[in-house]
Amino acid sequence: MDICKTYENASKCSANSKLMECFMVLSTQAQKISIATLCGLFGTLCIFENSVVLYLIFSSPGTRRKPSYIFISSLALADLLASIIFVGSFVNFHVFNETDSSKELFLLKLGGVNTSFTASLSSLLLTAVDRYVSISRPSEYKLLVTRKRAWAALGVLWAMCVTTASLPILGWNCCTLNSTCSELFPFVDDNYLSSWVCLVMVLLGCIVYAYTHVLWRAHQHVAYMGKHQAQVGKQNTRMRMDVMLAKTLVMVLTVLVLCWSPVLTLMIYSIFAKLTNHLRKVFAFCSVLCLLNSMVNPIIYALRSKELFSSLRAVFFRVKRRLRGTDDSPEADSAHKSSVVETVCEDEVRGADHEAS
C-alpha cells in the first residue's frame, strides 16, 4: 500500500495498475453484489426509459419540432449515454477490478461519464430556462425560443461538456502536472475536480433559481384566478395545471437535491481533507444516486407530459393491435387524437398565461 500513500505527490503515476487498485474500495463480496445489482437495475431501466422517450419525441412531427421537446430529447440522450458509460466503467472497475487500462484509456472513460452527466444537468438547465421564459414572457415565447435557437443552444451545451470533460486527457491531470491528485479518482488533479464541482454547483443553482421563479409565478396564477371567477371554466383548467406544475417542480428539485448533494458534498470534502476508506466506500454507493437521477428524469420530464403519454398509449395500442391481428383500435385513435389536442391546447394555455399576467 506504499504507492497509495505516496499517490498525492504523483510520484508513482507510471505504475497504473497498482495505483488504480488503491481506488477499488469495495472490500467484500456483499458490497460488490450490491453495487452490481443497483447499477444493473437502474442502468437497465434508464436505458429503456430514455430510449422510449427519444422514440416518442422523434416519431411524432408535432413533438420533434417543439423547442421544449428538443431540450427533453437532449436530456434523454445524455441520460442514455450516462447509463451505458457509467454502468460499464463503474462495474468493471469496482466489481470486476479491471486494472489493465492505461492512464489515457481510464481518463477517456471518465471523460465519457463526465460529459454525459454534465450534459444531463445542462439539459435540465435549458429545460428550466425554457419553462422560465414560457411562464414569465408567454406572449413572446415563440419569438424568443425558436427551433434554430434551441439547436444552437444544444450545440454550445454539448461542445462545452465535451471540452470540459476532455481537459484531463489533454493534460490537466496530476501525472502530467506533477500536482496534487484527487483521493476519489485516479490521475485527476484536485484543481480540476474543484473546477468541475464549481461548474455543477452553478448549473444546479441556476436550475433551482429558474424553477423557484416558475413556482412563484404559478402561485401568482392561482391567486389571480381565485379573485377573478368570471371565466370559471378556463380559470379552473389553468388552476389545475398550475397545481400539477407545482407538484412536478417540487419533485424536480427534491430529486436533484437528494441525488446530487451526497456526491458533491464528498467531492468538496475530499478537496480540503483526507478521506477515510469508509467515506470512499460511501462515495462509491452515492455515485449510483446520479444514475438514479438519470433514471427518474424521463418520468418527471417526459412521461408526465400528456402529449408524450398519449403518444405512448398510441404506440402501446398499435403493438397490442398487431399482436391480436385486428385492424382498428378505438383506443389508439383516441390516444392519437388526445396527443394532437394536447399540442393545440399548449398554445392556448400560453395565451391564458399572457392574459393573467
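Residue numbers in this text run from 1 along the chain shown.
Positions of Cβ are set from backbone N, Cα and C atoms, glycine also.
Taken from TrEMBL, the feature domain 'G-protein coupled receptors family 1 profile' covers 49-301.
Beyond the ends of the transmembrane segment (33-57), by six or more residues, the same chain brings 26, 63-64, 69, 72-73, 76-77, 79-80, 82-84, 86-87, 90-91, 94-95, 284-285, 288, 291-292, 294-295, 297-299, 302-303, 308, 311-312, 315 to within a C-beta distance below 8 angstroms of the stretch. Here TrEMBL flags 33-57 (among others) as transmembrane segment.
Tertiary neighbourhood of the transmembrane segment (69-93): same-chain residues 20, 23-24, 35-36, 39-40, 42-43, 46-47, 50-51, 53-54, 57-58, 63, 109-110, 112-113, 115-117, 119-120, 122-124, 126-127, 130, 147, 150-151, 154, 157-158, 287, 290-291, 294-295, 297-298, 301-302, 308, selected by CB-CB distance under 8 Å and a gap of 6+ residues from either end. Look at TrEMBL and you will find 69-93 (among others) tagged as transmembrane segment.
Remote same-chain residues near the transmembrane segment (105-129) are listed as 16, 20, 68, 71-72, 74-75, 77-79, 81-82, 85-86, 89-90, 150, 153-154, 157-158, 160-162, 164-166, 168-169, 173, 185-188, 196, 199-200, 203-204, 206-207, 210-211, 214, 252, 256, 290, 293-294, 297, 301 (criterion: CB distance under 8 Å, separation of at least six residues from the stretch ends). Per TrEMBL, transmembrane segment is recorded for 105-129 (among others).
Taken from TrEMBL, the feature transmembrane segment covers 150-172 (among others).
A Cβ distance under 8 Å defines the sequence-distant neighbours of the transmembrane segment (192-211), meaning residues of its chain 6+ beyond its ends; these are 114, 118, 121-122, 124-125, 128-129, 131-132, 164, 167-168, 172-173, 182, 184-185, 249, 252-253, 256, 260, 264, 267-268, 270-271. Per TrEMBL, the feature transmembrane segment maps to 192-211 (among others).
Counting only same-chain residues 6+ beyond the ends of the transmembrane segment (248-270), those with a CB under 8 A from a CB of the stretch are 124, 182-184, 193, 197, 200-201, 204, 207-208, 211, 214-215, 218, 279, 282-283, 286-287, 289-290, 292-293, 296-297, 300-301, 304. Marked as transmembrane segment by TrEMBL: 248-270 (among others).
Per TrEMBL, transmembrane segment is recorded for 282-303 (among others).
Mean pLDDT for the domain 'G-protein coupled receptors family 1 profile' (49-301) in the predicted structure: 86.
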